[in-house]
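Q: The region 'Disordered' annotation in Swiss-Prot covers 1-204, 645-664. Residues or ranges marked as compositional bias 'Pro residues' by Swiss-Prot: 1-24, 84-94. Marked as region 'Important for binding to DYNC1LI1' by Swiss-Prot on the basis of experimental evidence: 2-435. For 202-237, the entry in Swiss-Prot reads domain 'EF-hand 1', with the evidence type sequence analysis. Here Swiss-Prot flags ASP215, ASP217, ASP219, ASP226 as Ca(2+) 1 binding site. Among the features that Swiss-Prot reports, domain 'EF-hand 2' is placed at 234-269, with the record citing sequence analysis. Sequence annotations record features per position, and here Swiss-Prot assigns region 'ARF-binding domain (ABD)' to 484-588. Sequence annotations record features per position, and here Swiss-Prot assigns coiled coil to 485-694. Positions annotated as domain 'FIP-RBD' by Swiss-Prot, on the basis of sequence analysis: 694-756.
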Amino acid sequence: MASAPPASPPGSEPPGPDPEPGGPDGPGAAQLAPGPAELRLGAPVGGPDPQSPGLDEPAPGAAADGGARWSAGPAPGLEGGPRDPGPSAPPPRSGPRGQLASPDAPGPGPRSEAPLPELDPLFSWTEEPEECGPASCPESAPFRLQGSSSSHRARGEVDVFSPFPAPTAGELALEQGPGSPPQPSDLSQTHPLPSEPVGSQEDGPRLRAVFDALDGDGDGFVRIEDFIQFATVYGAEQVKDLTKYLDPSGLGVISFEDFYQGITAIRNGDPDGQCYGGVASAQDEEPLACPDEFDDFVTYEANEVTDSAYMGSESTYSECETFTDEDTSTLVHPELQPEGDADSAGGSAVPSECLDAMEEPDHGALLLLPGRPHPHGQSVITVIGGEEHFEDYGEGSEAELSPETLCNGQLGCSDPAFLTPSPTKRLSSKKVARYLHQSGALTMEALEDPSPELMEGPEEDIADKVVFLERRVLELEKDTAATGEQHSRLRQENLQLVHRANALEEQLKEQELRACEMVLEETRRQKELLCKMEREKSIEIENLQTRLQQLDEENSELRSCTPCLKANIERLEEEKQKLLDEIESLTLRLSEEQENKRRMGDRLSHERHQFQRDKEATQELIEDLRKQLEHLQLLKLEAEQRRGRSSSMGLQEYHSRARESELEQEVRRLKQDNRNLKEQNEELNGQIITLSIQGAKSLFSTAFSESLAAEISSVSRDELMEAIQKQEEINFRLQDYIDRIIVAIMETNPSILEVK
């Protein structure tokens, strides 16, 4: 984790001469106003730093030094001696960023004014306004390069030296490497970052909460795999853009400073999409307000991380652990470089690529100064890797440039977006050592040659740097152990995957063998089924052939029977014709008999009516005679009474005679009814015979249009046999019918059958 190094332990600084008379608040400390106090590359100018008490002791002769001391960044032993004052040096100003002593402060003697270095006509030294410095370095008074055409900060102005806090109040002592400004090691505190805009300090706690939620193991770094796994809800392209902002160097891990810088770049609309590269904004412009999309992003990201379980990536290699060649290298952070690289650097901090690029223009470095054209309309300083290739001895942990170390004096640039490290380049240890050496030996030859006194430095800087390097060595050992554990875990995973692949191959072979066996079994079953179907088909064909032979034999037999059947049919036809002739003759005779019967019936009815009239007349006559007989009997009875017979005998005889006469009349009436019924029966029998004859005529009314031989030849054997059976049935019915008619005639009227 790229955290700020703690303060050097007490007693590590070598003793020096007594400080100025009066201490930090004495008269010697107040003689800073008449001239520019001292100009240090990347060193602060101003009052005390509340966060670094007791870190840097007052340097011997710091107040008595009448000139301005120059240092190329935090490297030790690069301070210069006093320089002659120049007319172009502006007076230092006091304010919240750097409290310089007033001109009327008492002191033992006047201090000599150190002029600013003489610049070419294109540049001039100007003091940075107090509202332009980063919020985390309020006591610094940085100076900027400014074009001679303008005395104010404009679009073409570029920060060259970053502001850093002063070591003690009232003195401008030499800054002691990367360990001089002690920062709190707890990153959970919401101090504004060096590159944090003034108007967005309230975003620090929210971003810290999001970062802590993403940092599941609590080591201060978020792996790219974890972040990609979390941010996949935004889409592949958006995740790629986010990782480009949050990890521009391609190290595979994200620190909180990188996270904050990336979110700030996204919020400010960085066109290049890189956290540490960009364009210096105008000083007078207010910081951009946080858009609603940024608030939504932070809120959604925090909710997503707190609601979802942290899942570590165990299947892919991190980008920081992959091996690259000399052509694909990136700048190694000084706080995360290996121990060998730190030792080869000679204890110096990260070089100032701005000055290194000015020294090596032939290797692709480019310095864009104010007043010169730029593709984006702004003046930037960009360090581009040269064409030189160096071997990379050993493996070491590499990380991005931390904005916190940028603010603490690691780089001599006031803007954390000053350097633009290429995400696809990675420098070797020799390259880093060369940069560190050049940074330590840099004398600003492009601007002005400093005095030889700048190469002197206190011994306490070396002690602090040794402590710093020891801590870096411990951190690198921890990183190496973590890398070894990860490599062992990946090797274990690889072994498991190999075993799994072998198991899958064996399973595949077993499946193939099983499939072959199944294919063979199915082929055998199909062959057996085919043989069975062929046998059944052959048996069925044999049965059909046998059946066909039987049908042929039956057909031949039926053909042999056909002539006999034809002869029988002809004989039956002759008999039928004879019967039809007889029926015709009988029909004629029947019609004649019916005519005679009708005439006889008419005659009979006439006689019956005549008989009925005679009967009625006879009945009336009988009635009259009976009455007369009764009258005569009464007279006879009276005469017998007169003769003396008894009346009872005569009355009984009278009744018996009357009863006898009634019975005789009843007998005659019944006989008449019997005769009437017989006549009706005869009439009904005649009607039955007539209807039977008409039915016989209808049966024989069918006309034969074709000859019997033609009909027989045109039909099949089955149809012929069926027709013969029907004809035999009809003949049998006709024979039976004729017999019944003859029997009925013989019973009713046998005279019809008599030959006349």
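Glycine residues also receive a Cβ, built from the backbone N, Cα and C atoms like all the rest.
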Q: I'm checking region-level scores; what's the whole-number mean pLDDT for the region 'Important for binding to DYNC1LI1' (2-435)?
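A: Here the mean pLDDT over the region 'Important for binding to DYNC1LI1' (2-435) amounts to 45.
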Q: I'd like the number of other C-beta atoms within 10 A of the C-beta of ASP215 (Ca(2+) 1 binding site), please.
A: 22
Q: Any idea what DSSP makes of ASP215 (Ca(2+) 1 binding site), helix, strand or coil?
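A: SS state of ASP215 (Ca(2+) 1 binding site) = coil.
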Q: Which are the residues of the chain, ASP215, ASP217, ASP219, ASP226 excluded, whose CB is within 8 A of where the CB atoms of the Ca(2+) 1 site average out, their centroid?
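A: The surrounding set, listed in chain order, is LEU214, GLY216, GLY218, GLY220, PHE221, VAL222, ARG223.
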Q: Could you check the binding-site residues ASP217, ASP226 and say which one's CB has the fewest neighbouring CB atoms inside 10 Å?
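A: Minimum Cβ neighbour count within 10 Å, taken over the binding-site residues ASP217, ASP226, occurs at ASP217.
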Q: Which residue counts does DSSP yield for the domain 'EF-hand 2' (234-269) in the helix, strand and coil classes, in that order?
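A: Taking the domain 'EF-hand 2' (234-269) as a whole: 25 helix, 3 strand, 8 coil.
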Q: Within 10 Å of the Cβ of ASP219 (Ca(2+) 1 binding site), how many other Cβ atoms can be counted across all chains shown?
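A: So the Cβ neighbour count for ASP219 (Ca(2+) 1 binding site) comes to 13.
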Q: Please list, for the region 'ARF-binding domain (ABD)' (484-588), how many residues fall into helix, strand and coil according to DSSP.
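A: Counting residues per DSSP class in the region 'ARF-binding domain (ABD)' (484-588), I get 105 helix, 0 strand, 0 coil.
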